[in-house]
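What TrEMBL annotates here:
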ACT_SITE  Cys102  active site, proton donor
BINDING   Pro18, Met19, Ala20, Gln72, Lys141, His171, Asn202, Gly203, Asp204, Gly226, Arg227  FMN binding site
DOMAIN    16-319  domain 'DUS-like FMN-binding'
Amino acid sequence: MSVQIGPYLLRNNVFVAPMAGVTDRPFRQLCKQLGAGYAVSEMAASNPRLWATEKSSRRTDHTGEMEPKAVQIAGADPQDLADCARFNVERGAQIIDINMGCPVKKVCNSWCGSALLQDEALVEKILHAVVGAVDVPVTLKFRTGWDRLNKNALNIARIAEDAGIAMLTLHGRTRADGYKGDAEYDTIAAVKRSVSIPVVANGDITSPEKAKYVLEQTGADAIMVGRAAQGRPWIFREIEHFLRTGSHLPAPYVDEVRALMDEHLRAHYAFYGDFLGVRTARKHIGWYVRDLAGGEEFRQKMNLLESIDAQLQAVDQFFESQWSFGERLQYRLSDDLQPA
Ligand SMILES: Cc1cc2nc3c(=O)[nH]c(=O)nc-3n(C[C@H](O)[C@H](O)[C@H](O)COP(=O)(O)O)c2cc1C
């Protein structure tokens with residue numbers, strides 16, 4: 001099944017979730033190449049003082065990215081957010097996503113992300129301001145509510161639809177939940193029933209079966225996968241295949257994973273430069289090897305390496321010493337997702 005956001009008909013309904021510090025351009029490209037139908041970039045700050053920083057310009061660099069190019073914005077001031085949306089559209093964003101889902105305070109120091117859900121009047125102002133500022137589709141990502149006693153996702157969804165929001169993505173937890181407990185899907189189902197715009201279900205999707213279950217439970221138009229894609233970007237084609245055919249793709253070959261990692265790392269270094277590239281690649285390498293025999297020991301040693309050559313060589317040696325090519329990857333799959 002595919003999903004339409006404004007003029008964009010997406011390839012399928014299996015999306016990669018925006019994750020700050022993870023879904024940079026190289027990772028988004030890899031996920032799309034491996035079957036993700038849609039990706040949203042990491043958050044861009046709405047504070048104009050931050051737009052010129054190196055981090056912000058890296059986050060708004062979409063060179064060569066598969067369309068549609070979607071940029072997430074976060075903040076609490078309607079005018080700042082409207083300006084930020086305009087700024088990003090001028091730099092190539094084809095869809096603007098507003099983040100009201102992030103529980104982390106440092107995102108914008110206080111009143112933004114999912115904290116906004118407490119103030120429905122402000123939400124309404126923000127959504128109207130952003131939708132009115134740009135002529136591209138604007139989407140909203142949010143949580144089920146402020147806390148379990150104040151689940152106002154239905155109100156927010158109605159406000160959003162009335163404001164002209166083109167798609168809703170709902171993470172099945174409240175702000176107070178953080179990443180604790182299990183995501184619940186009943187609220188997502190209720191939101192889906194209450195609006196006529198596309199709804200994307202998010203939270204704790206770790207396998208093709210879970211993806212199918214969540215789609216069935218919620219009636220959502222699409223699912224979005226975050227943490228389970230870390231170190232396993234081929235999960236998108238696994239889910240897409242399972243939803244389409246009811247059968248499982250076999251695990252990837254070891255040499256394919258090695259080649260994918262090599263391609264990912266080289267794109268990562270090119271994007272971040274040598275110094276930052278080596279350091280920020282460590283987490284990705286750690287995720288790739290997490291479920292493999294000897295992975296943790298390797299991760300600890302690899303973290304001490306300081307150059308691109310040493311890092312690439314270590315990854316190569318790890319794969320060479322562990323498996324023979326032509327074999328399929330053997331990994332323990334756990335449902336345990338780490339908090340953000
Ligand atoms: C490291 C990390 C960074 C995240 N950054 C963002 C972000 O910038 N914007 C956002 O809307 N959600 C962010 N999230 C939330 C995810 O998009 C997603 O809603 C959440 O992880 C639940 O999905 P999952 O269970 O599939 O991981 C982040 C999550 C993680 C783990």
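Cβ atoms are placed via backbone N, Cα and C, with glycine included.
Across the structure, Lys141 (FMN binding site) and the residue listed as 'active site, proton donor' place their CA atoms 9 angstrom apart. Least packed by the Cβ count within 10 Å, out of the recorded positions Ala20, Cys102, is Ala20. Recorded residues Arg227 (FMN binding site) and Cys102 (active site, proton donor) have their alpha carbons 14 Å apart, per Cα-Cα distance.
Neighbour counts of Cβ atoms within 10 Å were compared for the binding-site residues Lys141, Arg227, and the top value is held by Lys141. Among Pro18, Met19, Ala20, Gln72, Lys141, His171, Asn202, Gly203, Asp204, Gly226, Arg227, the residues given in the record as binding FMN, the maximal Cα to Cα distance rounds to 21 Å.
Calculated from their C-alpha atoms, the gap between Cys102 (active site, proton donor) and Asn202 (FMN binding site) amounts to 13 Å. Under 8 Å, Cβ to Cβ, and six or more positions away along its own chain, Asn202 (FMN binding site) finds Ala17, Lys141, Thr169, Leu170, His171, Gly172, Ala183, Ile223, Met224, Val225, Gly226. Here Pro18 (FMN binding site) comes close to Ala39, Val40, Ser41, Glu42, Met43, Gln72, Asp97, Asn99, Lys141: these same-chain residues lie at least six apart in sequence, with C-beta atoms under 8 angstroms from its C-beta.
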